[in-house]
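Copied over from Swiss-Prot, here are the features:
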{"type": "BINDING", "residues": "Asp105", "note": "Mg(2+) binding site"}
{"type": "DOMAIN", "residues": "162-257", "note": "domain '5'-3' exonuclease'"}
{"type": "BINDING", "residues": "Leu172, Ala173, Pro181, Ile183, Ile186", "note": "K(+) binding site"}
{"type": "REGION", "residues": "185-190", "note": "region 'Interaction with DNA'"}
Amino acid sequence: MNKFLIIDGLNLVRRIYAAIPDETDMQSLTERVISACTKLLRVHRPTHVAIVWDGHEISWRKQLYPDYKKGRKPMPEPLAQGLVALQDHLTAMHIGSIYAAAEADDVIATLAIKTAKAQGEAIIVSTDKGFSQLNHRHISQWDHFNQQYLDIAALEQKLGVERSQFLDLMALAGDSGNKIPGIAGIGPKSAAELLKTFRSLPTLFSSLSNLGAKQAKKLAEGKEMARLSYKLAQLQTDLPLNINLKDFRVIDSPPEKTINQD
């Protein structure tokens, strides 16, 4: 069975970069990133590995909602200048790069879903909990910095909803980290309570007459914003990917069946 290790490039690199005392010390960054990737390969023993990078185009989410991710700090200049050399070092390690047009997240999600549907195993290396919406038994998420898999049961308990409701929760309450708005006046706790009762957004919005007047008014006025927020939060899993899986085979990995990436 194919085991595809899919690394969220900037999520890994920027976390490592933030811990380096001298922000111009690209040598230390390169050494630490290579060490991290070597450990990832040793721990997970994948048949295939790729590191996915964000691109420079304006994302479709930003075009749809200009405030999306507003206020995010730009990449530090030393890192921006040293990134190509770092990517070259990873290529020399036989860790191939995939370059997204805009956000890496949708490419990572597409790779994971395609792998899982082909009866392979996908391991996403990222601390971004947005990947938790990829509800498939052959997809897992690894936090390199805490050396553990994302605990979905613990996340469900923390958020107060089931995994199948994560997107509905973000549609109602928003996501401050990504500047996804949600509905004004609806916070995470009240959103979770609503989803416990009504289970899904369609059922909730068809049941406003069962709520108090004030809350029903908020929801009715925010319905379109909830739909927008859902769309912003939802990962695309069907992007056309012009890649060949054999290019990402781990050296010395035994032959496995390929997956269709069309």
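Positions of Cβ are set from backbone N, Cα and C atoms, glycine also.
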Worksheet item: For the K(+) site given as Leu172, Ala173, Pro181, Ile183, Ile186, which other residues of the same chain have their Cβ within 8 Å of the site's Cβ centre?
Response: Ala171, Gly174, Gly182, Ala184, Gly185, Gly187, Ala191, Gly222, Met225, Ala226, Ser229
Worksheet item: Tally of helix, strand and coil residues over the region 'Interaction with DNA' (185-190) according to DSSP?
Response: 3 helix, 0 strand, 3 coil
Item to complete: Take the region 'Interaction with DNA' (185-190) and average the pLDDT across it for me.
Response: 97
Practice prompt. Mind tallying the domain '5'-3' exonuclease' (162-257) by DSSP state, helix then strand then coil?
Written response: 57 helix, 3 strand, 36 coil
Response to the item:
Whole-number Å distance separating the Cα atoms of Pro181 (K(+) binding site) and the residue listed as 'Mg(2+) binding site' is 19
Practice prompt. Quick one: among the binding-site residues Leu172, Ile183, Ile186, which has the most Cβ atoms sitting within 10 Å of its own Cβ?
Written response: Leu172
Worksheet, complete the sentence: Across the binding-site residues (Asp105, Ala173, Pro181), the Cβ with the fewest other Cβ atoms inside 10 Å is that of Pro181
Worksheet item: What's the CA to CA span in angstrom from Ala173 (K(+) binding site) over to the residue listed as 'Mg(2+) binding site'?
Response: 21
